[in-house]
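*Asks:* Before we start, here is the structure in question, set down as structure tokens.
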Amino acid sequence: MSSVLSEYTIGGVKILFPCRAYPSQLAMMNSIMRGLNCKQHCLLESPTGSGKSLALLCSALAWQQSLYGKQLVDEKSDEKEWKKMERVTPCCCSCHLKNSDQTTFSSDRQMNSTDNAPSNISGASSNKTTLASKLCAKKQASFTTDQDDDFQTDRKRIRQSHDEQLQARKRRCYEKGVQFIDDDDDDDRDHVKFDSYNQRRASMDSCAEEAIAASSNHSAGPCSLCFCGQTKEEDKATEKCKKENGEKPKVPKIFFGTRTHKQIAQITRELRRTAYSSVRMTILSSREHTCVHPDIHSNRNERCKELLEAKDGHSCRFYHGVHKMNEQSLLQYRHGIDKAWDIEELVGLGKRLRACAYFAARELMQGADIVFCPYNYLLDSQIRESMEICLENQVVILDEAHNIEDCARESASFSCSDEQLMYARDEIDSMVNHGIRVSDHEPLRAVCYSLTNWIRQCSDQLVEREYEASCKVWNGKEILSIFHDMGITNATFPLLKVNLAAVVEKEEKITMFHGQENVIKIPTLSPQSQMVLKGLFLVLDYLFRQNNRFAEDYRVALQQSYTWTNRPDIPDENGFFARPRSRRSIRQKIMVYTLNFWCLNPAVAFSDLSSNARTIVLTSGTLSPMGSFSSELGVKFSIQLEANHVIHKSQVWVGTVGAGPKGRKLCATFQHTETFDFQDEIGALLLSVCQTVSHGILCFLPSYKMLEKLKDRWMHTGLWENLERIKTVIKEPQGGDKTDFDKLLQMYYDAIRYKGEKDGALLIAVCRGKVSEGLDFSDNNARAVVTVGIPFPNIKDLQVELKRKYNDQHAKNRGLLPGSQWYEIQAYRALNQALGRCIRHKNDWGALILVDDRFRSNPKYITGLSKWVRQLVQHHSTFNGALESLTEFSKNQQQRMQMSSTNCDDEPSQGTSSSSKNTSPTSSLLEFTVHPTQSVSEFTQPTSSTQSSVTSPPEIAIPFSPIQASLGGTAPRDNAEVLSHWKEEQRRKSNTSIKTNLMKSFEKSKSNYSKQRTSFYNYFKSNAHTSTPRQSSSKTRESNLEICCNELASGYSASANSGSLSQGFGRENNVSRKQDEGLNESCQEILCNAVPLFHCTNKETHASVSPPRKYVEPSVSMLPEDNTDTDITIHCTPELYDDDGQENLVSDEEDKCNEEKENKIDSGRADKDTNACALDTSVKRENLFHKEEYLNVSGNENAFNIGRNKGTEQKNRENRLSRSRNKGVSSFFLD
């Protein structure tokens, strides 16, 4: 997608999109706009990687901003209307007439009291106001007089109209500054004859001030003679609405819910990309993620509440700093968080400001336009109450909502053990005994006693279901009768709610002690007891709501089980033998009773959202099958969408495998999975896939039980060891700490990123586990996903069994799905969620392998898959056929990926320095081009280019050949052969062998053609600058050499198609000398550009990547003679890599010795006289030499010096080191 900002207008709303939208994104935004504008609910499925989160954010926020824009326009229009109403002539009703006359009289008195005012202006103003009052009085008299209008003379009616026109004309003149001398006194006297006016005038003369004080009362009263009464009523309603909504109608907030906090972090990263990144936002999270107190590491919820209550006299100092970051303006303008932020940024800011991030995020919700939170914050009524979340007339978006049914059922359910109930009972009993809020605690104590006694009575009625597990189930009506016997009814439950609210409320009591106030905090119940009581009352609230409407949706189950606990081993005081000290505790099996209130209808909890929210949007990549959401949630989704994927069908391999490598049928039912044949066949299949597909592979199993069985079997047979030889094998843990899980994930990512002897990693996980939900395995992190079987829920689970029976019971009257169909849908959603871990963006590719014969034999299992998966699925009857197809797919995609990595690199911009790292052009033909200066260009011919008509400086294109010669053979002629050849060489040979071949190729080039020096060499020599490399470790130097090798290898793989390498590379003697010199020169430029230790800066000449052009081989006649024998070696100071005391080792004698050796090598004579320059060195000197030799391989010397004879180099450097050391040694040691 392009990075250019795109603009779309959908539903009358302008949407700014950060890139060109996919068709699926446009379809999603269209559906969301329809739902928001029409207040309808949406059910939208878009495959993972199709950009649904971006579409959700941009469309919802654009709609919200459009409402703010409309609100601003309405406010401006209202102001204009009010201004127009103020300019209109005053109302002619009695109340306004009296107010107008009083205002006139007051103004007359003010004008009379002002002596300096001009008389003409005063008279005009007074006359003007008086005339207006008189006209209003006359009009009022026409309404109040007993005479009919038909009996009035025509002259008076015409006179009235004339006066109105005259007064209007005068008002306009007054506004222009014109002054009048009124001569219509006779007319004024005629108007005074009206009785109504005389009465009002007399009253104003007698008590002017009282009339002014009473004018407001008359003007505020209702009036039936004009429209002002209706206007006042509307104004009162508007003012009331403004007061209720905070001075202006509120724009709906957007509550964006996801399943985990990690998904919230991904959403905020997407929001940062958009044009709406500066939106006012907040993230609601738990104390576990936001607490910044350094002394609290565990049980943060309880410890936070204790610090807030300050039971030990010390309160939380971070809580008192919330005001530093509790407003949106503070974040944006003072602290610089002006774009979408993550919860980690808020926590970091809280630590810096010593302010609580948990309470700051809650305070920021008041002014936020979009609120991010896990969606159980929206479904659970207790969390909504504690977080003060109001969803009335708000927009609710639930992403990754494929598990929303299960989450809704869990939020309306409650479970507790008999031990928890007895703990709450004893604590309440203690409160009553100490006389603390006795009237409120006693009813709650009675409830706890009743439940614990009932559990003890029913313990003998339990029915055994399996080994050491018994239970009994009651339906809604039965449990209501049981609660009625306990005294908990529709009438008494509201009173119990009042008692619970009173006991959990904090209270302080002030007493006087020795004349001083003493504040005593009244004790409250512990958080554990409060949690038990609140959960119990939550269920009771649903049971008694709306005349027991949801009673049939509940089942109450009492279960008996056994668990192992660690109990301290207390020695017997009367015991004769002493026990060992190391024996601290003993494990003991105890019986546990669990009371479960299970909600079987998700619509119970979801009804709070559907009845209050303006629009609900459910979206996920795996909503299919979508038919159950409307019936299960009790919400009509008027807008539904099932979008297509954005990838091409060639980027994904989807196949079903029904047989293993040995031909055994694979059907992952409970009976088959218990056999060793099935377990061995699955292991052999997984091993073959690991050998075929490189990088990361995910394998999903139906349950943790099956995972443990397979691991034990494979460890016994040695297959687990075989898997570890190919890939790093990681197993998903069941439960455990979050930090441990994150470490395992990081281990998996690192094994793929830093591949050594092993080719990636294998992660074996479980459907519905942590790995299958919301984690991003893009690109190499998941090149294949293997699913074994169909992850049906445990059919023996009591809750699953009750849910199936419930659906069968209410399928006809409520439209629910039958129990068997609901059971299958749960399996499909879990399977689709696991398959969605692969293919995370448009350019991604991967294989989806479904291992189970049921997919091939029964088509109904294919219909449950996502739309984009079932369109591409292929059935393979044998494993060999599937493996061949998978191998071909993997090779093709790897070749395409390598080609796209070359094609997708950015072209270098104009003016790029030659010292920067070169990037590949958009074609597979790679050529390094030397841009000569004007002095050199006169010896060259211009290069013809068929791809560009823009005139460019003369250039000489120099392709690579040393690497290709080192890797052997004739150059491949097409891209596929080049890439496959390089891939095989790279995997077959280690890095050491590649470096050896590189040095050999340069050695050949140097030994054969070192005497042929051209003007290019002189030019580079004259412009080369020496630079001092920085000191680095051997590991860094090795990585730099690998960078150089990769650059040269990429040039080899690309230059093979240029056509200029059609000659055999094994015949070096037939290659043109000038061409080989050009090759050496290009390699020199590569070493300068690729290895960051060296900086070959040239002001006029630089090496850069240019578009492909025809190769022009420079002829000898085009180049001037080179009369200089000086070497063009790029000088670097090797002493920086020696010890601190070994500085300044190079001397004039060493240079002479080097020149003599070079002359001998250039003349082709054997180097036999170098022994005269060599001295014996110690072990320390040999180590120093090895360091310098390694640096020379990395580019410390000229490209030609890489091929220098090793024996000559060793003796030469030994001589240099020994001589320099002798110079630096004190004469005391030399004597």
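Placement of Cβ uses the backbone N, Cα and C atoms for every residue, glycine included.
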*Asks:* For the feature motif 'DEAH box' as recorded in Swiss-Prot, pick the matching range from 39-42, 399-402, 427-430.
*Replies:* 399-402
*Asks:* Of the residues C291, C373, only one is listed by Swiss-Prot in the [4Fe-4S] cluster site with C304, C316, C356. Which is it?
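*Replies:* Swiss-Prot lists C304, C316, C356 binding [4Fe-4S] cluster, and from C291, C373 it also lists C291.
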*Asks:* Swiss-Prot tags one of 104-126, 242-264, 1024-1046 as region 'Disordered' - which one?
*Replies:* 104-126
*Asks:* Determine, for the ATP site, the additional residues of the same chain whose CB lies within 8 Å of the mean position of the CB atoms of S46, P47, T48, G49, S50, G51, K52, S53; present them in sequence order.
*Replies:* S24, G621, A643, V646
*Asks:* Given the [4Fe-4S] cluster site residues C291, C304, C316, C356, which other residues of that chain have a Cβ within 8 Å of the mean position of their Cβ atoms, reported in sequence order?
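*Replies:* Result: R287, V292, H293, I296, R300, L307, L308, F318, Y319, Y358, F359.
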*Asks:* Mean pLDDT across the motif 'Nuclear localization signal' (155-173), rounded to an integer, is what?
*Replies:* 50
*Asks:* Have a look at the binding-site residues (S46, T48, S50, S53) and report the one with the fewest Cβ neighbours inside 10 Å.
*Replies:* S53
*Asks:* What's the CA to CA span in angstrom from C356 ([4Fe-4S] cluster binding site) over to S50 (ATP binding site)?
*Replies:* 37
*Asks:* Could you give the Cα-Cα distance between P47 (ATP binding site) and C304 ([4Fe-4S] cluster binding site), in whole Å?
*Replies:* 41
*Asks:* If you draw a 10 Å sphere on the Cβ of G51 (ATP binding site), how many other Cβ atoms land inside?
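*Replies:* Within a 10 Å radius of the Cβ of G51 (ATP binding site) lie 24 other Cβ atoms.
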*Asks:* DSSP on C316 ([4Fe-4S] cluster binding site), three-state: which is it?
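*Replies:* SS state of C316 ([4Fe-4S] cluster binding site) = coil.
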*Asks:* Spatially, and counting Cα to Cα, which of the binding-site residues is closest to S50 (ATP binding site)? Options: C291, C304, C316.
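*Replies:* Checked the binding-site residues C291, C304, C316; minimum Cα distance to S50 (ATP binding site) goes to C291.
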*Asks:* Same-chain residues six or more away whose CB lies under 8 A from the CB of C291 ([4Fe-4S] cluster binding site)?
*Replies:* R300, C304, C356, A357, Y358
*Asks:* Calculate the distance in Å between the alpha carbons (Cα) of G51 (ATP binding site) and C316 ([4Fe-4S] cluster binding site), and round it to a whole number.
*Replies:* 42
*Asks:* Ten-angstrom check, please: count other Cβ atoms within 10 Å of the Cβ of K52 (ATP binding site), all chains counted.
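*Replies:* Taking all protein chains shown, K52 (ATP binding site) has 24 Cβ neighbours within 10 Å.
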*Asks:* Count the residues of the motif 'DEAH box' (399-402) that DSSP assigns to helix (H, G, I), to strand (E, B) and to coil, and report the three numbers in that order.
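*Replies:* Output for the motif 'DEAH box' (399-402) reads 2 helix, 1 strand, 1 coil.
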